[in-house]
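Peer 1: First the structure, then my questions, so here it is.
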Amino acid sequence: MSESVKTLPAPSPVEAAGQTLSWRDFLELTKPRVVALMILTSVIGMLLAMPGVPDWTVLVLGNLGIALLAGAAAVVNHVVDQKVDTVMARTRKRPVATGRIAPVDAMIFAATLAAVGMLVLMVWINHLTAWLTLASLVGYAGVYTLFLKRATPQNIVIGGLAGAMPPLLGWTAVTGQIEGHALLLVLIIFAWTPPHFWALAIHRKEEYAKAGIPMLPVTHGNSYTELHILLYALMLLAVSLLPFVTGMSGGIYLIGALVLGLRFVYYAIRLLKGDDRRVALNTFKYSITYLMTLFVVILVDHFVFF
Ligand code: HEM
Ligand SMILES: CC(C)=CCC/C(C)=C/CC/C(C)=C/COP(=O)(O)OP(=O)(O)O
């Protein structure tokens, strides 16, 4: 062996894996598409909180702070789930799972995002929003990812509360207080989360079983899960009508919520009848379209109604 080869530094895990680390890996850790949908719901929470449009500083800095803390929670999820993620095909290429980003670097990244997010919310928004957002981070990264995910098939039902918080966070950023109408929006996302996730869990059941995660289809089978998807879809349909029933929204929203909700119920019935992995994946995809469209419709209704 020549001298020059002997003195070469040892390859880093990244070089060893033949991959180059890029800013995209750090972005991926923050689950940007999930956070984007959350921010859509927090923006709409802000716009519904008052007549007219809130100050742009609240819109920009409020959502920035919420997104930074949600992103930080997602980064911690990658670190806590490092081993689990290496087992599942869907997640095994993630930056921490492959070793492209060391857990300690990911945690420094998460701490930085969370600190900046808290600073923005504390200084420019209000303390209530800052503490509620931090509680959501702890709820998802700590309570759900560390404990519930491995403990019970009801993991995502309870843990879903953290992900359902953004419309309330947007609302409190504008008003500084928790109000009933904001809680209705939280309730909608809370009821939406189980059918959203269980549809995917049916599609990926074998992987969750391999990883030893007690998701409902693994512990109770597909038929039981499909029945619960249908029951939650029906509950979601009922809950989604509450903004109309309470006078928060008008006729445009009512029609939108009925059409979107009945379509969700239709998907759930097809799933229950067919027990088909493809239908499960389509139901999961529809769940995202559903939530996005429902929130856009409630916003359109708000501006037409007032
Ligand atoms: C505990 C609650 C939740 C669980 C367990 C959950 C679970 C998941 C899982 C496992 C995926 C697949 C990700 C992938 O393919 O890598 C996913 C995707 C997604 N989720 Fe959720 N979710 C939850 C709450 C939410 C919430 C509250 C939102 C937004 C308001 C949301 C929006 C999305 C979006 C937009 C995607 C697609 C992401 C993509 O295309 O990469 N989820 N969810
Ligand atoms: C501050 C705030 C609003 C916090 C919310 C944080 C947040 C990003 C929640 C996301 C919900 C989600 C994608 C759960 C999937 O986790 P999983 O571990 O079951 O799925 P995975 O296997 O894809 O990682």
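In case you wondered, yes, glycine gets a Cβ from its N, Cα and C as well.
The transmembrane segment annotation in TrEMBL covers 34-53, 59-80, 101-124, 130-148, 155-174, 180-202, 223-245, 251-272, 284-305.
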Peer 1: By Cβ distance under 8 Å, which residues at least 6 away from the ends of the transmembrane segment (34-53) in the same chain are close to it?
Peer 2: 59, 62-63, 66-67, 70-71, 74, 163, 166-171, 173-175, 179, 181-182, 185, 189, 248, 288, 291-292, 295-296, 298-299, 302, 306
Peer 1: Cβ pairs under 8 Å only, please: of the recorded stretches 130-148, 180-202, 223-245, 284-305, which one is richest in them relative to the transmembrane segment (155-174)?
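Peer 2: Counting Cβ pairs under 8 Å, the winner is 180-202.
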Peer 1: Using Cβ distances below 8 Å and needing 3 or more such pairs, separated by at least 6 in sequence, tell me whether the transmembrane segment (180-202) contacts the transmembrane segment (130-148).
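Peer 2: Contact absent: fewer than 3 Cβ pairs fall under 8 Å.
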Peer 1: What else in the chain is close to the transmembrane segment (223-245), if you only count residues 6 or more beyond its ends and a Cβ gap under 8 Å?
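Peer 2: Same-chain contacts beyond the ends: 181, 184-185, 187-188, 191-192, 194-195, 198-199, 201-202, 216-217, 251, 253-254, 257-258, 260-262, 264-265, 267-269, 271-272, 275, 283, 294, 298.
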Peer 1: Please give the sequence-distant neighbours of the transmembrane segment (284-305): residues at least 6 beyond its ends with Cβ less than 8 Å from one of its Cβ atoms.
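Peer 2: Distant Cβ neighbours of the transmembrane segment (284-305) are 37, 40-41, 44, 47-48, 167, 185, 188-189, 192, 195-197, 199-200, 203, 240, 243, 249-253, 256-257, 260-261, 263-264, 267.
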